[in-house]
Every structure is written in structure tokens, then in C-alpha cells.
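Here's what Swiss-Prot has on this protein:
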DOMAIN    26-414  domain 'Helicase ATP-binding'
BINDING   Gly39, Val40, Thr41, Gly42, Ser43, Gly44, Lys45, Thr46  ATP binding site
MOTIF     92-115  motif 'Beta-hairpin'
DOMAIN    430-596  domain 'Helicase C-terminal'
DOMAIN    630-665  domain 'UVR'
Amino acid sequence: MKDIFQLVSDYQPAGDQPEAIERLTEGLAAGEMYQTLLGVTGSGKTFTIANMIQQVQRPTIVLAPNKTLAAQLYSEMREFFPRNAVGYFVSYYDYYQPEAYVPASDTYIGKDASVNDHIEQMRLSATKAFLERPDAIVVASVSAIYGLGDKDSYLNMVLHLMVGDTVDHRGILRRLAELQYQRNDRELYRGTYRVRGEIIDIYPAESEQEAIRVELFDDEIESLSYFDPLTGEILHRVSRLTIYPKTHYVTPREVLLQAVDEIKIELAERLEQLYGANKLVEAQRLEQRTRFDIEMILELGYCTGIENYSRFLSRRQPGEAPPTLFDYLPKNALLVIDESHVTVPQLGAMYRGDRARKETLVEYGFRLPSALDNRPLKFEEWEQLAPQTIFVSATPGPYEQQHSGAVIEQVVRPTGLVDPAVEVRPAGSQVDDLLSEIRQRTAADERVLVTVLTKRMAEDLTQYLEQHEVRVRYLHSDIDTVERVEIIRDLRLGKFDVLVGINLLREGLDIPEVSLVAILDADKEGFLRSERSLIQTIGRAARNLHGRAILYGDKVTGSMGRAIAETERRRKKQLAFNETHRIIPRGIQKAVREIIDGVYTPGSGKGHRSPDRVEEKAAEYTRLPPQQLAKRLQQLERQMHKHAQNLEFEQAARLRDEIKRIKGWVFNGADSASAPRQENSQARAIC
């Protein structure tokens, strides 16, 4: 039988990778429910997981702690599995202000959100991959445990078409309306359809570049094909196809009517409780808001905040778990949790924060009690749904340690690089000593990361270093994701030499140019100076041939001692492996390419833009706020469709390529249409 998962890479597993792949595969075959891959920074954990997926040939969901790391993993998995269905499932909100009420000031804050159309399309494509293909890999954030449309209702609404079937022309249009597709005979874009005689063109909501053409002859389907919505070129013909709803939250009409009846019953019960407690204002508010929602549902099929009635729409019992992405997983799926020491606690925290906010809304008459069931999964519910699981972390947390049947170490790097040497120095002269170390590193054209305890300290230290003519920037939580990526990229390019930060300098920073990590006030016990945090931070220097970590403190705390001991244990094992196998460590020469894609290789061919110009263009778009960026993309898409209508296909194609490039810069999902990607080194391919 031919393998359905086909890993594409020029490199073979090395270091500890072959043993890790073998042990993980054997553990899955033996039925181990939980395993942990304890892989140090730069050891190629993603490449190990990719090889394991190819070995076991099972669909996989990969959970990441945030959108940034999810985008990096998505990009890497697409490179490893170009012939398979690799999906991306994160929150589709560019901006989200949840509904809330502050009793102290009697302030009601309505829900406000901006939906990213591109990510919504990728979410739909991800669930479709799980439903249709056995070779699906989906990278998701903790958004995967939030309520999604009921899987059974979603599947019951799909429209199946087959060549030769007898159909009613009006019946197809009626079914498309039920799937929430809109008719638009002037321009065709995602989620719309147009009718020209006996030809029906449909642009599926989950499709990025292909539309569907249904050709009828009287009441019979004569032809089904996929075509380019810009040029009209037929791409390929098929004998059958399936059209999925425009949204995960589509609901049959009969279910809506049944839900309305149940909402009315709960409203009557809740009003009786409020009047009995003499809460007249709350009762009046609740009745007015709920009856308005009911009218909207009956007339339009939806209302603002319809998710608060999701328990009725998905026909669940009070307290029953909501449908989520995990309900869409195939029975033989695998779960990989990246940076599990961060992701697992997040999974437990989502429910508690959501519950506290909604209880206030219910208490003061803004929502019915059933709104409490519009929630993420509880941790126990997630545990019941989770398939065989592999935790991936350099510093596994207590949950992983307690539950894992096997802990597989991946300490030896394919490049032969070893963990940095760790040194403890007095805190009294830490700033002056740091300045001296920075001078040495910058003279060698190397970069420095410095971690402090507070935002104020980060800003003050940055100002002090600037006064001493050090090229320095700081990084903390007030800086948004896109600007954060730009700062890291500028550090790698050498636009500055020192980056000062707090907690943001731990997981997910891949900067081979950093040769020194300095941890100020390392002897201050706490979350930021715990054993796990220190090991993660020290690991930021592990990708450099001259990597070194300095911990400034007047005493060696328990956390410091354990972190230093663990780093030294790994370092000894790596050095012994290198000596036994006569490996000479080599530095990583990694192309400067991260979540903001689209920087072209110099001299990559005639007609390509210069690197500087492209960098400026990429920076221009990535600096835009999400709402402005979405608006700009919509403007370009409208212009593209207008050119296509006027048969100006060259201009339309140019705009299509421009849109693709922009999405590549921002979402790291699309390749640049006019420039090849840079070739990565061996270390980049396997790390």
C-alpha cells in the first residue's frame, strides 16, 4: 500500500532524532496514550514529529500556544508535506472585544469584533480536510477547544452533486441559500454563486483559488468542473463533488424553529425567577433583549450574539460539552502539543476566565442562563476527547511528567551544537559587566539577548545602553505580534545588536545569531526565574557556535542550581556524542525568513524586485492594524474582480499575485507569486 503521508526533505534524521522517531512510533503502536518528546532548543523537534507522522501514517492535529508559533509550525509542515492536506486553525478575529458588564460602574460593553476572511477560509479548509482526507495535518491554537458548529448539522447540510443526476434548477439555488451562499451575478467571490442560464458558478467558502461550475441540460447535471474564477479557465472536470456550508454555524430551519420554542420556555422560567427576587430592571432588560433576538432568528436565521443560544442550536443538554474541532477529528487521529508546558495550562485556564465573565451577564439580565453553555471545553472534557497524545517541550510541566508513559529525550543536535556554557556572576555590578560583554559580542558581529524582571527595567536598561552607544531595542507585552516579529527580524539582520525583554524571550525565538544570553537578577525566585523559565531562556543561545549564558545573582537559588545542573547534564551528553562520532559542531546559517514571508533572494532572476524594495513593501503592510489590512485586501480583491469582469485578465492576475504576496507576508501561508523561496540550510530544514 502506498504511503499517503509523503515527507519531502533533502536531509535525513541525525543526532538523537532517529532514536526519538523509533521510540515514539513504537509507543504509539503499543497503545501508549501519552508520550513526551523532551527536545532541547535546536534539536529539530518539528522534523522528528514530521518523520513520526510519516512512519505511523495517521492524521494529526498539532496544538501551539499562540498564533505566532502556530504560523511557524504551519509553514514548516507545509514544506515537509507539500503533497498532503496541511491546515491552519486559529481564531479568525483580528480584533475581539467580548460582551461584558461592569456592575461597579453600571457599564455594559457590547461585543465588537473584526473577522479575518483569509483565516476563516483556512479554518473551513482545515475541517474539510479532516472530514474528507486521510492525509490531513492541522496546526491549531487553543481556539480548537472553543465552540464550533455542530458536526452532524454541518454534514447534514452539505450538497452532493453527481454528473447524470436529475435535479431541480431552483432546488439547487434553494439549497445554496440554505448553506448561506449569496447570489451575486456581477462578481464571484468566496461564499457567493452566480447563475447564467443553465450554468451555475459557485465559489466555495473554503477554497482559495478554485470555483465550481455546474452545467445543466434540462433537469440533468451534464458537467461538473473546477475553474479559475479570474480567467474562467477550466482547471479539471470531475464526476462528483461536495459543497460545504459557508460557515460552521449553519443550522437547518427546523432546528431554528425548535430552538426558538426552547428559548421562549427558558425565558419564561428565568423571568419568573427575576420577578420573584424583585429584580425588575434585570427582568425587563432580559425580556426585551431576548424577544428581539427571537424575532431576528425567525426573520433572518441569525441574530447578533446567536452563539449565546448555541446549546439549543446544537441540541445539547444543560452543561453538556460544546462541539469543537476535536469532534471533527478522524478516529485514528494523533494529537501533538507543542511547547506543552505552556499549552496544557492554557487549555485549563480558558474555561474559568470565560465562565466568570458570563456569570455577570446572566446575573444582571443581559443573557439567559443557557449562555453559560457557550464556552470552551473544560479540561476534563478535553482529556476525554483527546486522542493519543505526544507532548513536545524542552521543559515538560507537571501534567506531562505525571501522565506520560514514556519520556523520549532528544538532547543531541544534528548540527553538533552543544548547550551554552553557563556562568554565575555577582548582581551588584551586573549592568557594567553586561556592557563589557556586549562590547565583545558586537565586535564579533554577534547578538545579545538580555532578560529583566519588569517593563520599567527593560525600558531603563535600554535607555542606559543607548547612552553608551549600544544599538539596542526592548521587547515586552505592550508590543503587538507583528511589530514583535519585525523587531526579531531586525535583530537577525544586524540593524541592532542587543534585545532587552522579559517573558517574551523564552519559547519560540529562533535566532542563530545570538551568542550571549544575560539573565539579570537571576536569584529573584518567581515565575520569571523558575527552573523551567531559566532553562528555556538559556536555550536561546544554543543555536550559536559560541553560545554562552550569564546568570547575574548574589546567590544560587534552587531554581538556578537545577537549571544549571540540567544544562550541564545535557552539555556533557552532547560533547560525549560529538567525541564518539567525531562530529565537529557547525553554526547555523539560517535565511532570515519567519512569519512575515516574502523577502526575495538577491539575484533570483530577471524581473524580480530588489530585496530592499520588497522588505519596505512587506514592512508597509505588516505595520498596518488588522482592520486596515483587511480593508486594503478587500479593496484589492474588488479591483481584481472588476478587471476580470472587463476581460482585463493581465491586470486581474497582477492583483491576484499581489494579494497572494501580502497574505504570504502577514500569514506565512502563501508563497510569493513572483519569487522563489530562499533555500534553507540543513539546520533550518531539520530544526
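Cβ atoms are placed via backbone N, Cα and C, with glycine included.
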Restricting to the same chain and to sequence separations of six or more, state which residues have a Cβ under 8 Å from that of Val40 (ATP binding site).
Ala394, Gln410, Val411, Arg413, Asp419, Gly539, Ala542, Arg570
For the motif 'Beta-hairpin' (92-115), distant same-chain residues with Cβ under 8 A (at least six beyond the ends):
123, 304-305, 357, 360-361, 364, 366-367, 626-627, 629-630
If you count, for each of the binding-site residues Gly39, Gly44, the other Cβ atoms lying within 10 Å of its Cβ, which residue has the minimum?
Gly39
By a simple count, how many Cβ atoms lie within 10 Å of the Cβ of Thr46 (ATP binding site), its own Cβ left out?
21
When a 10 Å sphere is centred on the Cβ of Ser43 (ATP binding site), how many other Cβ atoms does it contain?
30
Please give the average pLDDT for the domain 'Helicase ATP-binding' (26-414) in this predicted model.
92
Determine the Cβ neighbour count for Thr41 (ATP binding site): the number of other Cβ atoms within 10 Å of its Cβ.
24
Based on DSSP, tally up the residues of the motif 'Beta-hairpin' (92-115) by helix, strand and coil.
3 helix, 15 strand, 6 coil
